[in-house]
């Protein structure tokens, strides 16, 4: 009797060891892709809090330019962030709202004069002031998730220095002579003579303050990092510094200050070339009807370690390409832009060895034996995900939304 019990136990032990070496149940690639496509269908509707796709309406002959501008700015901003994370091997914040956020664009009032106007005679060589009217968003102040200030740096071939460190400040309302007049936000090193580029700054705190206290909205100041004095150790002298002029030029801010009143041709050319590049704010807000879901529907992501920044072996867990065409794969015509996107998915084997130092290895093996359909051993899953910006129509109303965690960028065994 004891011999039979012992034999049965040894057999069970060998079976569980064999099972513990396996990974998730394997799927053929076609089936895996079909499941991924259906998951994306449900994911998009869920993030938009829709139970079914909007009714099909005839596509508009022409999308309003301001709508396209918001869509392009949001898409470009996300691409810039993704490039920076890839270069530095970083991750986004661990807490990211699961549901889609509405995106609003607020342009800075144009400083370019009309054709017959005389350009302003004053010029601030050491800094620039940028102001925005956010009063229209005050009713949604509590829904603000993020605010980005974007300004396009122009190429300045006549710059006296090739590189400058520019700083962004929030202008403060002075209570008295001793109170600060500005608050530092961020800085960037720019190449003054290089091709133009978009610069982005996180100004969430400043805009949040403006939405709650309208009288504190005095705008932003772009200036140089310039210490007021230099200490000379050899003779203990303190030499006052002459302020360095701001050589960086910005679309929508600079352009008329150096022109004469007769240079109307240059003004016209500048206006046309820099069209769509004026400074603006991108505000991302969680709609009120999704605010309640924000607390209970967040997805947490692990921090990306340097160990994960490697090239996966093709046979093992790695990133697999998958392009989703909204019309072909989902049968949807209501998403205007983009027409599709690279969703990708994770697949491949995850080696899993029996280890005596695994605290619950025997428990997990027994669990596998009792429930072979479930997986207690590592599976190939998504690690880094990026958001997707879409432009769609509900009826004849255009809407722009940012959908988080839609693009799989890397995988891991977990």
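Cβ atoms here come from the backbone N, Cα and C positions, even for glycine.
What Swiss-Prot records for this protein:
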type: SIGNAL; residues: 1-20; note: signal peptide
type: CARBOHYD; residues: 72; note: N-linked glycosylation site
type: CARBOHYD; residues: 140; note: N-linked glycosylation site
type: CARBOHYD; residues: 241; note: N-linked glycosylation site
type: DISULFID; residues: 309-318; note: disulfide bond
type: DISULFID; residues: 317-380; note: disulfide bond
type: DISULFID; residues: 346-411; note: disulfide bond
type: DISULFID; residues: 350-413; note: disulfide bond
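The two recorded residues, residue 380 (disulfide bond) and residue 413 (disulfide bond), show a Cα separation of 5 Å. Sequence-distant contacts of residue 346 (disulfide bond), defined as residues of its own chain at least six apart whose C-beta falls under 8 angstroms from its C-beta, comprise 317, 318, 319, 320, 380, 381, 382, 408, 411. Distance noted between the C-alpha atoms of residue 413 (disulfide bond) and residue 72 (N-linked glycosylation site) is 35 Å.
Look at residue 346 (disulfide bond): DSSP puts it in a strand. Classification of residue 317 (disulfide bond) by DSSP places it in coil, neither helical nor stranded. You'll find the Cα of residue 350 (disulfide bond) roughly 46 Å from the Cα of residue 140 (N-linked glycosylation site). Of the disulfide-bonded residues 318, 411, 411 has the largest number of other Cβ atoms within 10 Å of its own Cβ. Between the CA atoms of residue 140 (N-linked glycosylation site) and residue 72 (N-linked glycosylation site) there is a gap of 23 Å. By neighbour count, meaning other C-beta atoms within 10 Å, the densest spot among the disulfide-bonded residues 317, 350 is 317. In this structure, residue 72 (N-linked glycosylation site) is part of a helix by DSSP. Sequence-distant neighbours of residue 72 (N-linked glycosylation site): residues of the same chain at least 6 apart with a C-beta under 8 Å from its C-beta are 276.
In the three-state DSSP classification, residue 140 (N-linked glycosylation site) falls within a helix.
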